[in-house]
Amino acid sequence: MKLSKESVLGLIALATFLLLAVIAPGFLSSNNINSMMFQLPEFGLIALAMMVVIVTGGIDLSITYIAALSGVGAALMLTNGYGILPAIIVAILFALACGAFNGFVVSKIGVSPILVTLGTMVLFEGIILAITKGSSISGFSEGYSLIGNGYYLGLVPLSIVIFAVFAIITAILLSKTSWGRSVYMYGSNETATLFSGVKNSRVLMKVYLYASLLAAISAIIMTSRYNSVKVDLGSSYLLQSVAAAVLGGTNIHGGYGKVIGTVYAVMIFQFIRNGLNLLGFHSSLVDVVIGAILILVLAMNFFSDKFKKIAETKNAGKAA
Amino acid sequence: MKALLKQKEISILAIILLIGAVLSFVSPVFLTIGNFLDIIEGNVVIGILAIGMTLIIITSDIDVSVAALTTAVAVSIGYLFTFLPDSWISVLLLFLIAPVIGLVMGLINGLLVSIIEIPAIVVTLGTLNIIAGLVLYITNGNYVNSTNFPQSFMAFANYELLGLPILIYLLAVVAIGTWFILKHTLIGRSVLAIGGNTQSSVRVGIDYKKVKLFVFAYMGFLAGIAAIAQTAYTKAVDPNGMLGLELTVIAAVVLGGANIHGGRGSIHGTLLGVLLLAIMQNGMILARIDTYWQNVVTGAIIVIAVSYDHLSYKRSQDKLAKIEVEA
Amino acid sequence: MKKLTMILFAALLLVGILAGCVAENSGSSDSGGDAEAGGESEGESVQAGGEDGLDIAVVPKLVGIPYFNASESGAIEAGEDLEVNVNYTGPTQADASAQVKVIEDLISKNVDVIAVAPNDPASVEPVLKKAKEQGIHVMDWDTPADKELVDLSVKQVDDEEFGRHMAKKLVEAMGTEEGEIAILTGGLSAANLNLWIEAAQKEFDENYPGIEIVSEKIPTEEKQQVAYQKTLDLLKSYPDLKGVLAVSTPAPLGAAQAVQEEGLQDEVSVVGSALPTDSAPFLEDGSLDTAVLWDPGKLGYLTVALGKMLAEGEMPEDGQEIEGVGEITVKEDGKTVIMGPPADFTKENAADFDF
């Protein structure tokens, strides 16, 4: 039986889970499983956002600052006495504004995404600093804190349900809609896509808007979970999210990438971080392990591809 | 003259001159030799790393592990100091050992990229995590300060030739050396060829893997030299001191006109890119811009610069196309 | 192929949901039982009983910087002296969300005491609440968390006193009560640095009206090199600059390096918060006039010692003598403990310290 890249990754996720369940004390405790489910969504959403952008062959280095800025938007509304819904709307609007700016420069002016987002990363960070003067905004209502800390039906953390919903939406958007197909087409061959009658700039604009929407959702979960927002909210997720997307099989040059792969990759990261913490590893060694896994899995992909090719040529030879 | 004006680097030079003009108007200190020497000396490390990064970006790859690499070499230098005797031979030895350590780590990146064919950003993200994690684990983030440095190294670090700090010469040697390699050696020409068009360059017989291996190994080599420069400049080894520097380096290279999709890029362009970032940093305090707005200004200038640069490039390409049609 | 993917995913999700379900049950029963439980019940908890001795977790803002390394060795030493298991762990970046995850993992580990130096006091609030519900004693050290939430708050110095003290030291070093000074900070969003700077500014305003602060506080990314470059720029832009107040441990080193290289030791005074071993080369020639700080190792030691007391159901008293640390001050609220006055490190005494 041939397994897809994603299924192999799924097996790796399952194997890490089982391995850690055996060796890490308390890994399987209900308490720990629960806290992992609370930890995963915020990073998972950022990783999905990054993946969508990478599928187009781009990268969004400003994504975590978009999230932070959108969190600031929500925090400003909440601390000024507005309700939860207006706060969420403002958070999303803040993020969409950032996404539209990125999208405009990338799609209309045509500057390469890494350059644009490198600049907007500094720009958005600056805007947050100018608004907050560097201090944190905190103290939100009980109701708002339920988004990141509450349970759905009293059973599953609400945030992981939100994550699952957005993962499914993203999967459907990418695979079932014409926009999704154009995204993949654009990622594999820009010019051919243009000549086949697709409005590239519109497709791209939507990609950056959608990525910033996901960042906003992540920001809402984070601000609710931490009851506070500061300029560096989630900044450690930036390079990690790129790593998760490529570990999940997304082609860094664009054209390929699946939601399920990224989800598995996020799970692997989550299991390892948590498991190694429980085992009492020094935190800097956790980074080492994650880096090693990244390289190992991709090297494995390379060798399995190679063996497959060799096997195919052999079979072809036999048939002849 | 016209050929010169057409060059892509001209637009970045124009932006630098514009900002420079504004700054010298706002602050009398800006246009002094002392200030310029400070700016250049303070950016030697970024400059050396950016030159190496230019080669990688020309071949349409990227290396995000440079800061971690440089830190790893700098930390090794710090440990070496406890073994080396206090004489000028130590400094010489350092210039042999440090680049070799860097070269070995660069080779690992290069092997993974060229032989195993893992995309460079993934490889270097991985090695970034591994190297930075190990450095932090081994050093525990502890400083090595100048009390442990041999006097000969301190003398080297403070040495000035014709009124210019030694580090500036180091940058010049690296820049000219790399320019020479790019223009006048087979491997350098291959770098440009692969960046321009991978398929046709492979067809004409250029060894793609060898070139990839070369650019990453050379990056490692330069990271070793940059580590010496960093240690000489800060007169201390701080394992956290270069955190996040890789993005500044990449920003400098692409601002300097190198195309992230490969094929375009030059040493003098990159140096202009470094200069632009350096002047902006320097200008913030000189122009007395409010602390909280500094990032807004920096970010806005980067976005405007890259957009302007891209628009003028597109315009010149359009013109080129028209001329071809007319002819 | 697709089927397998779906099955895998479903299996993973199911495991999670099942566990989550259990968690809810155990969680509710736990909080019911532990709400009133005092210190003794902790000693009887399964884990501590098995390994004999309390588990005290100390969470710094980040690991891998000299300051928190020094407090780590103090905490470990206290663990050996007092026969408790000390678990010193934190994130590798000073990132609030990463720190919360570390604390969540510690809750999973079922430690007895969690002492945290929060990166962002508000952001650890929910997770500390959760820890308390599980019957874990929570305290803060180095930087205060929400006062209502913690059982004990360990502070090295009084923030107000520390900021004012640095300001006074700077004026002393300048030898004049008039002139321009600049303030460097580690980062614009560091809460305790901001408190010290505010206190210092107050001191200047109230007692030294002749002192003029030339610019907003200047951020240095917690890097010596950045502080060095910014100070060079400051010296050029403000040729009459008389003093630099550098807050955060790398900043004074960078500022002093700039003063040293420009040969301005006698014109420009630098005072800041730095560790004595790191600042020794600059104190030597007067480029750094005074480094003001405390012994971070002692702070780590005190945190563990108080953590043990807390778990055993005792509370510290004002003026109490803690072995290995000295006499402590307890504020009126009964839970804010102050280690002592700040220590000044100068050319004369810097060599006597090993941190």
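Including glycine, each Cβ sits where the backbone N, Cα and C put it.
Per TrEMBL, the features are:
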type	residues	note
TRANSMEM	B:12-33	transmembrane segment
TRANSMEM	B:39-57	transmembrane segment
TRANSMEM	B:64-82	transmembrane segment
TRANSMEM	B:88-108	transmembrane segment
TRANSMEM	B:120-139	transmembrane segment
TRANSMEM	B:159-182	transmembrane segment
TRANSMEM	B:213-233	transmembrane segment
TRANSMEM	B:239-260	transmembrane segment
TRANSMEM	B:267-286	transmembrane segment
TRANSMEM	B:292-311	transmembrane segment
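Spatially, the transmembrane segment (B:239-260) is not adjacent to the transmembrane segment (B:159-182); fewer than three Cβ-Cβ distances between them are under 8 Å for residues at least 6 apart in sequence. Long-range contacts of the transmembrane segment (B:213-233) within the same chain, counting only residues at least 6 positions beyond its ends with a Cβ under 8 Å from a Cβ of the stretch, are 41-42, 44-45, 48-49, 51-53, 55-56, 58-59, 61, 63, 66, 69-74, 76-78, 94-95, 98-107, 109-111, 113-114, 120, 153, 156-157, 166-167, 170-171, 174, 178, 187, 191, 241-242. Same-chain residues lying 6 or more positions outside the transmembrane segment (B:39-57) and placing a CB less than 8 Å from one of its CB atoms are 63, 66-67, 70, 120, 165, 167-168, 170-171, 174-175, 178, 182, 191, 215-216, 218-219, 221-223, 225-226, 229-230, 233, 242, 245, 248-250, 252-254, 256, 258-260, 262, 265-267, 269-271, 273-275, 277-279, 282. Long-range contacts of the transmembrane segment (B:12-33) within the same chain, counting only residues at least 6 positions beyond its ends with a Cβ under 8 Å from a Cβ of the stretch, are 255-257, 269, 272-273, 275-276, 279-280, 282-283, 286-288, 301, 305, 308-309. Same-chain residues lying 6+ beyond the ends of the transmembrane segment (B:292-311) with a Cβ under 8 Å from its Cβ atoms: 8, 11-12, 15, 19, 251, 254-255, 257, 276, 280-281, 284.
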